[in-house]
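Enquirer: This is the structure I have questions about; it appears just below.
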Amino acid sequence: MLDLKYVAQNFDAVVARLQSRGGSLDLGPFKSLVSERRDLYVAMESLSARRNTANEEMKRKAKEDPAALEALRGEMRTVSQTIKEKEARLKEVEEELSRILLVIPNIPHESVPVGGGAEDNVQVRSWGEKPNLPFTPKQHFELGEKLGMLDFERAAKVSGSRFAFYKGALARLERALVSFMIDVHTPKGYVEMLPPYLVLRETMMGTGQLPKFEEDAFKTVGEPERFLIPTSEVPVTNYHADEILDGDQLPRKYCAFSPCFRAEAGSAGKDTRGLIRQHQFHKVELVKFATPDTSLDELEKMTDDACDILRRLGLHHRVMLLCTGDMGFGARKTYDIEVWLPGQGTYREISSCSDCGDFQARRAKIRYRAQKGDKPQLLHTLNGSGLAVGRTTIAILENYQREDGSIAIPEALVPYMGGLKELRPM
RNA sequence: GGAGAGCUGGCCGAGUGGUCGAAGGCACCUGACUCGAAAUCAGGCAUACCGGGAACGGUAUCGUAGGUUCGAAUCCUACGCUCUCCGCCA
């Protein structure tokens, strides 16, 4: 959420910056609501001040002058009534304002290239090379099914489309990747976290998934309603909601494994085969809480921490700086890491690392105190996949495939696989 | 799910209709004392918004939302959360 005062004071500049993200932006009656809000506050405050002084008088007159007390009581009755009416209107105005503010995306940082979509993203670096496979590489789902280790048909029977059963050594590989990733991150200062997978509406509001993207989330029935997390960014970022952290404890770094649940509304027909786009997948997420002056630097480090996993697995990848039109709702700057998939013959996103500035912190009320005695101020939140586990499994299948359909296991994972060095049909 | 107790400032905790933004303590900051520190003493110390150059003044906030009242931390209603006991359960 953007700062009300900031938007009001820099209205045209803000609108211009937001339009670079593309899409429609309707700030509606924002400006008139802001001035009405202000007028209401002024009126209410002077009425309240009047009531408070009258109450002082009444305390005294209660004993000395019962007649005057009655007169005052009558007057105050109407004053109180007026205050209540103004209060009611103010509530409406504020609700309307926050309805508007809550669906405004973050303002892109000035270092973000302006562009309309993925084609305007800028490659900032790459690592490794495409593997030189002397045969026509297969896609991961074909490899997985031939191994007898991926079963989409039975998953559809049990759960509908966009689900999968992993079996045998491939299930173990997914589990091994989780442990491996966490073990790489924690020595770098990320505190391991196992978060709740169901969260309240206000938690989804805090990180920006709601109110705008409700159709993307799975929701439980019954009271209170809860949402299946689309990423552990949601519970972990909100872990510090309504808190004031000490400046000398920043940055705080967390690393959380969780399944992620996404309705994938609006992606009908996209990536329908295989593991690329499922309703449920695993992710190891990195979350940081940083001071405003360090957050961009922390974003660079976080992106590199995510890349480190791919380097250790020997997977060729590139880092893309997203343009204004391709960034997520809460981000002010985002790097996507794209891994090379030989079977698909394309790069696919395997991680997305974002600096959200104070956008989420304002929603979730996460602040810090730079020095003892200083005023609390909003901190900056960052999050990034480190990595999407299912897509890492895909990358291993496609990059380490052999002509006979077996899969070599990257050396770094062998200890996590109990010494197993390859996947063979079961 | 049932019964009971509770929810007050960074923390602990007093406060049952006006004198309460809220005693006292801890923590923290400043000053005195000290070579320095500890101890002690004095003072300060919530957040947000509005007005003001500032000093300062105003308004709101005692789990949340309503209600009663001229006036609510205090009374009433609902809800949430925490703790204890019982039941159930991986």
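In case you wondered, yes, glycine gets a Cβ from its N, Cα and C as well.
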Enquirer: Using only what TrEMBL says about L-serine binding by A:Thr231, A:Ser232, A:Glu233, A:Glu285, A:Asn383, A:Ser385, identify which of A:Arg262, A:Arg311, A:Arg312 is listed for that site too.
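Expert: Site partner of A:Thr231, A:Ser232, A:Glu233, A:Glu285, A:Asn383, A:Ser385 for L-serine, according to TrEMBL: A:Arg262.
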Enquirer: TrEMBL tags one of A:44-103, A:104-163 as coiled coil - which one?
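Expert: That would be A:44-103, per the coiled coil entry in TrEMBL.
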Enquirer: So, three-state DSSP: helix, strand or coil for A:Glu233 (L-serine binding site)?
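Expert: In the DSSP reduction, A:Glu233 (L-serine binding site) maps to helix.
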Enquirer: Listing them in sequence order, which of the binding-site residues A:Ala263, A:Glu349, A:Ser351 have their Cα within 10 Å of that of A:Glu285 (L-serine binding site)?
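Expert: Checking each Cα against A:Glu285 (L-serine binding site), the hits are A:Ser351.
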Enquirer: I'd like to know which of the binding-site residues A:Thr231, A:Ser232, A:Glu233, A:Arg262, A:Ser385 sit within 10 A of A:Ser351 (ATP binding site) at the Cα level.
Expert: A:Ser385
Enquirer: Within 10 Å of A:Asn383 (L-serine binding site), Cα to Cα, which of the binding-site residues A:Glu264, A:Ile350, A:Ser352 are there?
Expert: A:Ser352
Enquirer: Compile a sequence-ordered list of residues in the same chain as A:Ile350 (ATP binding site), six or more apart from it, whose Cβ lies below 8 A from its Cβ; state 'none' when nothing qualifies.
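Expert: Long-range Cβ contacts: A:Leu310, A:His317, A:Ile337, A:Glu338, A:Val339, A:Ser385, A:Leu387, A:Ala388, A:Arg391, A:Thr392, A:Ala395.
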